[in-house]
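This report concerns only the one structure given below.
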Amino acid sequence: MSNFAIILAAGKGTRMKSDLPKVLHKVAGISMLEHVFRSVGAIQPEKTVTVVGHKAELVEEVLAEQTEFVTQSEQLGTGHAVMMTEPILEGLSGHTLVIAGDTPLITGESLKNLIDFHINHKNVATILTAETDNPFGYGRIVRNDNAEVLRIVEQKDATDFEKQIKEINTGTYVFDNERLFEALKNINTNNAQGEYYITDVIGIFRETGEKVGAYTLKDFDESLGVNDRVALATAESVMRRRINHKHMVNGVSFVNPEATYIDIDVEIAPEVQIEANVILKGQTKIGAETVLTNGTYVVDSTIGAGAVITNSMIEESSVADGVTVGPYAHIRPNSSLGAQVHIGNFVEVKGSSIGENTKAGHLTYIGNCEVGSNVNFGAGTITVNYDGKNKYKTVIGDNVFVGSNSTIIAPVELGDNSLVGAGSTITKDVPADAIAIGRGRQINKDEYATRLPHHPKNQ
């Protein structure tokens, strides 16, 4: 039989105090909704339907054509949200997973186990449950003396006795699809919230003598539903530990994993060493045997094998094998550094390609440049690329030596094997094999300093 999935993503999330829909808040680099969608993929659903409501267009942009969408214009409860999927799913034979879009920690493995449990026990409904010593706020699982599930009672509707129950409802279920939509026609709003509860379907199945079961999570953390910023931070912390543990198992060394922040889609090869306070974001890829020292920040970039990045920022760029960067360097978007390039302290590179074995040791700005191989930039070199309106390109050939404190004003080209004298301002092309000197000639005026007020003779 087929599997189907319903993701509930219509809520506003008032307690988040945000203009952004709750399910779009990010955990480890992607939205909570994307985490849930990826986990749902483990059951290989034939159809996935996402229920949207508050700022539906923003939610739909995230999953685009990966799912079908239905709109819940009024948020009248989880049961009402599932009713909205009736035009797509009613009458289909199979098993339907219902899951909230604000549960980013649920794993695909747990959802697959839930479906298998449901099928193997021939249940008409199976509840994903968890156990906790602090069940406040959760719906409780009420069982009879034979441990059979009788019903789910919400916190606001629970008796004092029921509030002592430690087994809680995670808000995730599997139903026989046809029976689900038949039962939904019989639920009502006679409860403290005045809403249609999906949990009332469980009571209906029990009344008709149909089999209802519960599968208990092994890890309570997976049950976390995010309703405010506190829970969001908790989810981030748990996810970070999972991610770092995965990388350590795969051969990556962490000096302090609790102080290292790695997004879920980051790829790291074995033998990489990561010091504390390193942040790796987006689609970043790190090659084998690279070292990332304290304070390094990398986003959406590729770093090759054997590189050393020291307390520096790299954004949307590529760094080849054996490159050294930093400390205190900034590689800005759309830059590429060839093999064995050295970018030293207080060097900024923006929108530039730099050939292999080129060195910019300190205090240099390289912007909108095409730089060849074996180039040396002296300290204080500035490429001037902006005239206040337009940006221009500088082309520097192979084996060029640029003396310290030079200013290269684009658009200009320095030919292969050329040399720029220290302190020069270059405004014209420099031919290959030429030396360019663009500075004022030094003049010494003997004894002139004795006329100045700061001279010891005048004190």
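We number each residue from 1, going along the chain as drawn.
Even glycines carry a Cβ here, placed using N, Cα and C.
Looking at the region 'Pyrophosphorylase' (1-229) alone, the prediction's average pLDDT is 95. Annotation comment: Swiss-Prot describes 1-229 as region 'Pyrophosphorylase'.
For 8-11, Lys22, Gln72, 77-78, Gly139, Glu154, Asn169, Asn227, Arg332, Lys350, Tyr365, Asn376, the entry in Swiss-Prot reads UDP-N-acetyl-alpha-D-glucosamine binding site. According to DSSP, Arg332 (UDP-N-acetyl-alpha-D-glucosamine binding site) is assigned to coil rather than to any helix or strand. Residue density at Arg332 (UDP-N-acetyl-alpha-D-glucosamine binding site): 17 other Cβ atoms are found within 10 A of its Cβ, drawing on all protein chains shown.
Residues or ranges marked as Mg(2+) binding site in Swiss-Prot: Asp102, Asn227. When Cβ atoms from all protein chains are considered, those within 10 Å of Asn227 (Mg(2+) binding site) total 16, not counting its own. According to DSSP, Asn227 (Mg(2+) binding site) is assigned to coil rather than to any helix or strand.
If you look up Swiss-Prot, you'll see 230-250 marked as region 'Linker', on the strength of similarity to another entry.
What Swiss-Prot lists as region 'N-acetyltransferase' is 251-459.
DSSP classifies His362 (active site, proton acceptor) as strand under the three-state reduction. Summarising the annotation, Swiss-Prot assigns active site, proton acceptor to His362 and lists similarity to another entry as the type of evidence.
Annotation source Swiss-Prot lists acetyl-CoA binding site at Ala379, Asn385, Tyr386, Ser404, Ala422, Arg439. The Cβ of Ala422 (acetyl-CoA binding site) has Gly378, Gly403, Ser404, Asn405, Ser406 as same-chain neighbours under 8 Å, each 6 or more residues away in sequence. Secondary structure at Ala422 (acetyl-CoA binding site), taken from DSSP and collapsed to helix, strand or coil, is coil.
Under 8 Å, Cβ to Cβ, and six or more positions away along its own chain, Tyr386 (acetyl-CoA binding site) finds Gly367, Tyr392.
Neighbour counts of Cβ atoms within 10 Å were compared across the recorded positions Lys22, His362, Arg439; the minimum falls on Arg439.
Distance noted between the C-alpha atoms of Leu8 (UDP-N-acetyl-alpha-D-glucosamine binding site) and Ala379 (acetyl-CoA binding site) is 57 Å.
Ranking the binding-site residues Asn169, Asn385, Ser404 by how many other Cβ atoms lie within 10 angstroms of each Cβ puts Ser404 at the bottom. Away from its own ends, the region 'Linker' (230-250) comes close to residues 16, 25, 27-28, 32, 35, 104-105, 221, 224, 257-258, 260-264, 266, 268, 270 of its chain (Cβ-Cβ under 8 Å, at least six residues beyond either end). Secondary structure at Leu8 (UDP-N-acetyl-alpha-D-glucosamine binding site), as computed by DSSP, is strand. Cα of Ala10 (UDP-N-acetyl-alpha-D-glucosamine binding site) to Cα of Asp102 (Mg(2+) binding site): a distance of 10 Å.
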